[in-house]
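Copied from TrEMBL, the annotated features are:
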- Cys118: active site, proton donor (ACT_SITE)
- Lys22, Asn23: phosphoenolpyruvate binding site (BINDING)
- Arg94, Arg123, Pro124, Val125, Asp126, Leu127, Asp320, Ile342: UDP-N-acetyl-alpha-D-glucosamine binding site (BINDING)
- 7-421: domain 'Enolpyruvate transferase' (DOMAIN)
- Cys118: 2-(S-cysteinyl)pyruvic acid O-phosphothioketal (MOD_RES)
Amino acid sequence: MDAFVIEGGRPLRGSVRVNGSKNASLPLMAAALLTDEPVTLHDVPRLSDIGNMVRLLEALGCTVERPENAGRLSLHVTDDTRVEAHYDIVRTMRAGICVLGPLLARRGRARVSMPGGCAIGDRPVDLHLRGLRALGAEIHLEGGYIVATSPANGTERLRGRSVFLGGPNGSTVLGTANVMSAAALAEGVTVIESAACEPEVEDLAGMLNGMGAKITGAGTPRITIEGVERLSSVDHTVMPDRIEAGTYVIASAITNGDIELENYPGQTLLALHDRLEQVGVEVTPDEAGDGWRQRVRISTRRRLEPVHVVTQPHPGFPTDLQAQLMALLCLADGNSMVTEKIFPDRFLHVAELLRMGANLTRTGPSVLVSGVGELVGAPVMASDLRASAGLVLAGLAARGTTIIRRVYHLDRGYERMERTLQELGATIERVDQETLA
Ligand SMILES: CC(=O)N[C@H]1[C@@H](OP(=O)(O)OP(=O)(O)OC[C@H]2O[C@@H](n3ccc(=O)[nH]c3=O)[C@H](O)[C@@H]2O)O[C@H](CO)[C@@H](O)[C@@H]1O
Ligand SMILES: C=C(OP(=O)(O)O)C(=O)O
């Protein structure tokens, strides 16, 4: 198992390109199950979650080709008789559930293990099941598996209907992806109300339309899908990773750095920009691009102001950047309040930041962040993907050495994070955890 050793205190300088999005790539890959023609994706990041999705699709009869060191991934269904997504693979990532809708729609049957993913609190799948049931699927749970069949014991197509996907904390991103993918091949028109508006849903709709689907309204709370009988080949470029991009913006700010990011999806990060502007960090386009792929420069005032932030569904502040922003606010001049409205227990980074000298007080879904003059390097433990990213950022700013154990969590979502940070001038090494005293 690997660990990161970081010597803090170096301002980041230079330019890096944002990779393709993990959370967009995973449902896009699963959608390859909707056709027997080849699907080619460009700019797929090299991450352990992507490797696990490849293994899952191979187990479901897909041939996958990925040239060494390229972002291109070619997926082609060659055996459409397999319908089981085994616990061993699906437990490693939440997005494993994304094969459920496509399997049901195309093969009439699915047996999919309840998914895993980050340990960030309860993560039910009731909305996914509610949506697919509304399309006529028969679903029951058996031994930790979701067992589903399309109408008439798997012999008929799903049926378009009105589907409401609102839950206690808003809509569901992967649930919307699942239902939208399934509805693309259903008979008749499906209207998803209270759909997730996340950009990754829009990216998926764009690819499905490229395959011949008839989807309108993706990116809004009402998505209309006119089912078609078959979908065909497509060549699609994955959107840039807005969470990776936001993480590097905050890395620049926390080290008082000056960096440029290419392939930056500025239009998807307006809530981050808004909060950062209050803090004293500006993200300025160098080239306008189209708002989804820009070049930007990050500049930071020396004094960081405190700010209140509430995580919300898109276009609100993303929960996947909460830990990173909290690390920055630890160094602001005053009291900030961070409230989690999506995953109210997503605070495993709090105890670790305390080890580094942060002043944090949690009450239920909120954390009072009282700014301190400095953070001090310490041994800490990565607990989940974004909490670990928050610790890396804290380590980059801290005085002295920070050791972060269990960085496999980071490898789920950041391609070669230590190399990117090294290119920007950080002192960070990946070491075998066993070699540490
Ligand atoms: C692989 C991927 O894309 N993961 C992202 C996706 O996860 P994921 O799609 O799993 O997250 P959801 O949007 O489904 O979850 C949002 C909220 O809805 C609740 N809920 C969800 C499903 C359900 O059936 N019932 C229910 O109550 C969840 O507990 C949570 O409170 O969106 C999250 C919210 O932006 C991000 O943090 C994750 O990084
Ligand atoms: C929570 C995340 O991923 P997952 O949903 O796969 O656990 C994430 O990307 O921050």
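Positions of Cβ are set from backbone N, Cα and C atoms, glycine also.
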> Once near-sequence residues are set aside, which residues in the chain of Ile342 (UDP-N-acetyl-alpha-D-glucosamine binding site), 6 or more away, have Cβ atoms under 8 Å from its Cβ?
Replying inline: Asn169, Gly170, Thr311, Gln312, Pro313, Thr319
> ligand 1: which of the recorded positions Lys22, Cys118, Val125 have a Cβ closer than 6 angstroms to it?
Replying inline: Val125
> Do you know offhand how many angstrom separate Val125 (UDP-N-acetyl-alpha-D-glucosamine binding site) and the residue listed as 'active site, proton donor' by C-alpha?
Replying inline: 14
> How big is the Cα-to-Cα gap, in Å, between Lys22 (phosphoenolpyruvate binding site) and Arg94 (UDP-N-acetyl-alpha-D-glucosamine binding site)?
Replying inline: 12
> Looking only at Lys22, Arg94, Arg123, which of these binding-site residues has the biggest number of Cβ atoms within 10 Å around its Cβ?
Replying inline: Lys22
>> Suppose you look only at the domain 'Enolpyruvate transferase' (7-421); what would the mean pLDDT be?
In response: 96
>> Please list, in sequence order, the residues in the chain of Asp126 (UDP-N-acetyl-alpha-D-glucosamine binding site) that are at least six apart in sequence and whose C-beta is under 8 Å away from its C-beta.
In response: Gly167
>> If the criterion is a C-beta within less than 6 angstroms of any ligand 2 atom, which of the recorded positions Cys118, Arg123, Val125, Asp126, Ile342 pass it? List them in sequence order.
In response: Cys118
> Any idea what the Cα distance is from Arg123 (UDP-N-acetyl-alpha-D-glucosamine binding site) over to Asn23 (phosphoenolpyruvate binding site), rounded to a whole Å?
Replying inline: 16
> Which has the fewest other Cβ atoms within 10 Å: Asn23, Pro124, Val125, Asp320, the binding-site residues listed?
Replying inline: Pro124
